[in-house]
């Protein structure tokens, strides 16, 4: 793991010692080189933990998420160039340092083998994210969004710390591998039920589960482009990863406790999809779309079958790339029209035909059209939920219909129609932007050729 962690840490001195003209080139190039390192972890002999040390290791569940995290840093740096064009060099370097430190803490969270280490890095991701949202957001409401983000995350994760201390006192170890191998069957008592809630609540807030999701649209809407991309693509996946790791240890209690949360996530999936149809703010629509997709992941994880876990991992990777792509496209609109209101950016297809092509592909990926990897993830979850209970087919099928509706609504509102009067001097799409969209879309399409590498434990 150190061969990934140390080069990422070395990006910090590189950023601060780079010349004014070379900041973007140096950081983008080196982070792109670093993003190839997780490819080494894919070639593992078997499904056991591939340990390089006692503290950090990777396995088939961790590796796809590490790859996603590493791949996203150069993309966020590329996307932020226009946003920071008027900032002095010291501020640019500080912004990049925040992104790099966030990447370091994410890599360490995904690869930590000790649960207390996992908890520390899980909380550490909060600091750079909060700084990015509250310092570099566009509107004054960003402070309110930062408060929501901090409050929800901290309140959700304090019970997790108490549960971890309790487990350590009882069992004497918090090593994930040891706990998985030596876990006792937990009986269905009040104390154990509360412990299960304490363990999973932090991750349900992070996913977020419907009802605990109010911080997400606020944070997404107020965050700068890099904040939105990292938040949608990787930070939400921390919740899914934590749930997959810990619900296995807490079995068979998970099977008893899962029912209310399964019902809530299935209900929330339809509710948030329906909310998307009524949105006027483009970033808010994409944020609610994220909640809807992650509700499907919660459902898959709580069903607790190998196939559902596979579907959850594939869906997390697919959603990470798709939602990040949609935020990039929304940002390219915002940089030209200076508004997030969809109706004010209508008719852009006539001015930016290539950007309209990326919008079409992103919308189709969002509604899980073949040959994207999204389809495979949704089908796996759909089949699993159907085998768990036949009635879920009605809910998931209805959700897929609404997803198709709001994806097409988003595309038609922003691209079709007559141009508004305030758009008089529109800059053409830059090579940087087109490269950015291509780098998001190519993994979505290429992974469908060999989805084996991101199917998690069950490959």
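Numbers here mean position along the shown chain, with the first residue as 1.
Even glycines carry a Cβ here, placed using N, Cα and C.
Remote same-chain residues near the transmembrane segment (22-42) are listed as 3-4, 7-8, 11, 14-15, 50, 58, 62-63, 66-67, 70-71, 73-74, 77-78, 81, 89, 92-93, 96, 100, 453 (criterion: CB distance under 8 Å, separation of at least six residues from the stretch ends). Sequence annotations record features per position, and here Swiss-Prot assigns transmembrane segment to 22-42 (among others).
The transmembrane segment annotation in Swiss-Prot covers 60-80 (among others) and is backed by sequence analysis.
What Swiss-Prot records for 94-112 (among others) is transmembrane segment. Remote same-chain partners of the transmembrane segment (94-112), defined as residues 6 or more beyond its termini with a Cβ less than 8 Å from a stretch Cβ, comprise 1, 4-5, 8-9, 11-12, 15-16, 23, 27, 55-58, 62, 65-66, 69-70, 72-73, 76-77, 80, 84, 87, 118, 121-122, 124-125, 128-129, 131-132, 136, 226, 230, 234-235, 238, 241.
For 113-133 (among others), the entry in Swiss-Prot reads transmembrane segment.
Sequence annotations record features per position, and here Swiss-Prot assigns transmembrane segment to 145-165 (among others).
Counting residues 6+ beyond its ends, the transmembrane segment (196-216) has Cβ neighbours under 8 Å at 122, 145, 148-149, 151-153, 155-157, 159-160, 162-163, 186, 231, 235-236, 238-240, 242-243, 246-247, 250, 253-254, 257, 261, 264-265, 267-269, 271-272, 287, 290-291, 294-295, 297-298 in the same chain. Residues or ranges marked as transmembrane segment in Swiss-Prot (evidence: sequence analysis): 196-216 (among others).
What Swiss-Prot records for 224-244 (among others) is transmembrane segment.
Sequence annotations record features per position, and here Swiss-Prot assigns transmembrane segment to 257-277 (among others) based on sequence analysis.
Summarising the annotation, Swiss-Prot assigns transmembrane segment to 284-303 (among others).
Tertiary proximity for the transmembrane segment (308-330) is limited to same-chain residues at least six positions away from its ends with a CB under 8 Å from its CB atoms, namely 61, 64-65, 68, 72, 75, 79, 220, 225, 228-229, 232-234, 236-237, 240-241, 244, 282-283, 286, 289-290, 293-294, 296-297, 300-301, 340, 355, 358-359, 362, 365-366, 368, 372-374, 376-381, 383-385, 388, 433, 436-437, 440-441, 443-444, 447, 451, 454-459. Here Swiss-Prot flags 308-330 (among others) as transmembrane segment.
Swiss-Prot lists 351-371 (among others) with the feature transmembrane segment.
The transmembrane segment feature in Swiss-Prot is assigned to 391-411 (among others).
Through the fold, the transmembrane segment (145-165) approaches residues 115-116, 119, 122-123, 126, 129-130, 133-134, 137, 174, 195, 197-199, 201-202, 204-206, 208, 212, 214-215, 218-219, 221-223 of its own chain, all at least 6 residues removed from its boundaries and within a Cβ separation under 8 Å. Counted over residue pairs separated by six or more positions, the transmembrane segment (391-411) shares at least 3 Cβ pairs under 8 angstroms with the transmembrane segment (257-277), which defines the two as touching. When each of 60-80, 257-277, 284-303 is checked for Cβ pairs under 8 Å to the transmembrane segment (224-244), 60-80 comes out on top. Residues 204, 207-210, 213, 216-217, 220-221, 232, 236, 239-240, 243-244, 247, 254, 258, 261-262, 265-266, 268-269, 272-273, 275-276, 309, 311-312, 315-316, 319, 323, 326-327, 330, 340, 342, 366, 378, 380-381, 384-385, 388, 392, 396, 399, 403, 406-407, 410 of the same chain lie 6 or more positions beyond the ends of the transmembrane segment (284-303) yet place their CB under 8 Å from a CB of it.
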